[in-house]
Amino acid sequence: MNKKSIRDVDLKGKRVFCRVDFNVPMKEGKITDETRIRAALPTIQYLVEQGAKVILASHLGRPKGQVVEELRLTPVAARLGELLGKDVKKADEAFGPVAQEMVAAMNEGDVLVLENVRFYAGEEKNDAELAKEFAALADIFVNDAFGAAHRAHASTAGIADYLPAVSGLLMEKELDVLGKALSNPDRPFTAIIGGAKVKDKIGVIRHLLDKVDNLIIGGGLAYTFVKALGHEIGLSLCEDDKIELAKEFMQLAKEKGVNFYMPVDVVITEEFSETATTKIVNIDSIPSNWEGVDIGPKTREIYADVIKNSKLVVWNGPMGVFEMTPFSQGTKAVGQALADAEGTYSVIGGGDSAAAVEKFGMADKMSHISTGGGASLEFMEGKELPGVVCLNDK
């Protein structure tokens, strides 16, 4: 990575405004999944060890520029203190006199969590005045929030106009792993693209067709491709306005010598429920009043075989409606194939794929799970991320 990281700068005694991604799911004031807090720990611990004064900023939920009591970062700060094993202070504002006083009282190695930056309307507008207020608290800006790197907000990008800007360790790892996958992948390189809609994955499919050896398609978006081949798909998800595009992608794959894998059989159902009756049919035999909801057993075997023979696999999007047990086997099988594959580097592109490997207890078997759903998708589309562009070059 050609961007400076916290390893490239002197941090001792410096006030560091570190943007992290503490946007964790909460229920009645309790954190239900602390993955994102844990992901930021190496950076925070490094800053503490180097003798920095660590000022942490994050958003939580979508308060839309006003104070929402249940979206305060107080429970997050408390949990962070437990995980770090040290006293973590919490400011009830993200800038201004109160925050400035608390920063002024900090010693080297102290940690302070600022209030939810999205309580201020200027955050999502990337307001220069707000960015200046954030910058006034610190000597150095560290961006470790890969999950918000695709947003040009005051605390992720704007602040870098007023302070030296470097990446944290998590951001650095994300950029290294995803960057290598796109620029210099180990081969065979396979991309698995799933999820509900073609329109969400157009950019990533288009970009990856130039890079990959194998492209595997699954999830709801597969049925648009199936229909493009002239098959009936019953009540399965389909974007009729994307059928021509699906044909174009299949033609492009052929021209570029990319092996294009689609379901050969599917799990179908007449209702969405945990007790639904399902059938397995060949891809060209979906009855008119049934809906495809998962890849079938033959498809799972084919996909597992491709995965096993790949050196690098990037996975973005589930193979079916994995939240419901009867329709979860395809997604689980892909996860299992990645977990079992020897000598295969697996990159899970955040979002639903990350949720799936967590759910099936396979997370620790994956080489890299991205902390950014939208950010990793945009990165894999070849887009520049505002939260990365703003960092100082080495």
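Placed from the backbone N, Cα and C atoms, the Cβ positions cover glycine too.
Per Swiss-Prot, substrate is bound by Asp21, Phe22, Asn23, His59, Leu60, Gly61, Arg62, Arg118, Arg151; the candidate from Arg7, Arg36 named for the same site is Arg36. Binding site for ATP per Swiss-Prot: Lys201, Gly292, Gly350, Gly351, Asp352, Ser353, plus Glu323 from the candidate set Glu172, Glu323, Glu384.
Take Lys201, Gly292, Glu323, Gly350, Gly351, Asp352, Ser353, the residues named in the record as contacts for ATP: the widest Cα to Cα gap among them comes to 24 Å. Among the binding-site residues Glu323, Gly350, Ser353, the residue whose Cα lies closest in space to that of His59 (substrate binding site) is Gly350. With respect to their backbone Cα atoms, Ser183 (phosphoserine) and Glu323 (ATP binding site) stand 34 Å from each other. According to DSSP, His59 (substrate binding site) sits in a coil region rather than a helix or strand.
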